[in-house]
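These features come from Swiss-Prot:
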| type | residues | note |
| --- | --- | --- |
| BINDING | Lys18, His167, Lys199, Asn297 | 1D-myo-inositol 1,3,4-trisphosphate binding site |
| BINDING | Arg106, Lys157, 188-199, Ser214, Ser232, Ser236 | ATP binding site |
| BINDING | Asp281, Asp295 | Mg(2+) 1 binding site |
| BINDING | Asp295, Asn297 | Mg(2+) 2 binding site |
| DOMAIN | 117-325 | domain 'ATP-grasp' |
Amino acid sequence: MQTFLKGKRVGYWMSEKKIKKLNFQAFADLCRKRGIEVVQLNLAKPIEDQGPLDVIIHKLTDVILEADQKDSESMQLVQRFQDYIEAHPETIILDPLPAIRTLLDRSKSYELIRRIETYMQDERICSPPFMELMAECDEDTLKILEKNGLAFPLVCKTRVAHGTNSHEMAIIFNPEGLWSIKPPCVIQSFISHNAVLYKVFVVGESYTVVERPSLKNFSLGASDRASIFFNSHNVSKPESSSVLTALEKVEGVFERPCDEVIRGISKALRQALGISLFGIDIIINNKTGQHAVIDINAFPGYEGVPEFFTDLLNHITTILQRPDQSANKSSVEQTGSSLGERLCCTPPARTDPWIVETDTSGSVKLQSQRLGCNSSVSPSFQQHCVASLATKASSQ
């Protein structure tokens, strides 16, 4: 039975490109059938004049990044948005700006995943160790790599996890290849995963898993192979094919992701960040069968998710039906306050045998990482590609 919510108003802001790509007008029509009015916001004008608003859906990632680069217009837009949020704590924001900023920084999001894994203590999950490279590599860099379990081949990504440049990546096979890398960037150990990526598209408590091709397997250890530079977005398009994804044969373990594991990771991220609309890229280690989270994306494209609008409307309906919207907002942000504080605020205990504390030089920042999940290599990396819908489930 459908719930009718007459008088409720949902505002949204996203780029015209994303509006067209999602065909968001269809979502607005779906909402109106439930009595919900949908309003496209103009951030160049006072939001107060466009209210009242019960929920705001946004994709402000580009604007936030431009504001961080001191673009005056973007700074004004973000400030206007923030001012409205502070003046209207009863309005539900999908999703909170602090959470979006975390997901825009790969170093921060990888650290969050590491803490989530430590908190969950699930041996079926082990994401790659990573380093943040702040300056050009030297001999000390190689020593830190070796000391902390990062092994060739390595995957190099931009620290910023959004925008065209964020898809520019490299696979580095030897020390010589490191010299050509331009910092700042994030480095992860690559792990073979039989050229399969699982993209998890989350909408509140529901998620859909889409299977896509990924990078083929590469042998562990340094080699004289030249570095491979590529654009992961081009490799990942559903209609694309690439020699980088051509798998000659399946090697080692070939397992599909476990629903229980995905549900747990999704729930932990929702609780830690208070987010509802995000994507998780997962690969399966072909030596251990462990799940590795290799990227988290704010408000992804939801390609291959035919029921995205239905899931989104159901999620909005659920949060609007809660007794007190202000209480609801605090629950969204604080549901996992205990978990969030432990994951995001509390430094890991130095006595914890699973944690390697930061050991840095002036040029390299090594994030704390779990060791022991794979004695030979650590899982890795961000890759996507062509798609078929795999599974749909509820994360509760």
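First residue shown is number 1, and so on along the chain.
Quick reminder: no glycine exception, Cβ is built from N, Cα and C everywhere.
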Secondary structure of Asp295 (Mg(2+) 1 binding site) (DSSP, helix/strand/coil): strand
Residues near Ser192 (ATP binding site) in space but at least six apart in sequence (CB under 8 A): Asn217, Phe218, Leu220, Glu251, Gly252, Asn285, Asn286, Lys287
Maximum Cα-Cα separation (Å), residues Lys18, His167, Lys199, Asn297 listed as binding 1D-myo-inositol 1,3,4-trisphosphate: 19
For the domain 'ATP-grasp' (117-325), mean pLDDT (0 to 100): 89
Most Cβ neighbours inside 10 Å, all chains, among the binding-site residues Lys18, Arg106, His167: Arg106
Most crowded position, judged by CB atoms within 10 A, among Ala195, Tyr198, Asp281, Asp295 as binding-site residues: Asp295
Distance, Asp281 (Mg(2+) 1 binding site) to Ala195 (ATP binding site) (CA atoms, angstrom): 13
Cβ atoms near Ser232 (ATP binding site) (within 10 Å, other residues, all chains): 23
Close in space, distant in sequence - Asn297 (1D-myo-inositol 1,3,4-trisphosphate binding site), Cβ under 8 Å, 6 or more apart: Leu103, Ala161, His162, Phe278, Gly279, Ile280, Asp281
Integer Cα-Cα distance in angstrom, Asp295 (Mg(2+) 1 binding site) to Tyr198 (ATP binding site): 11
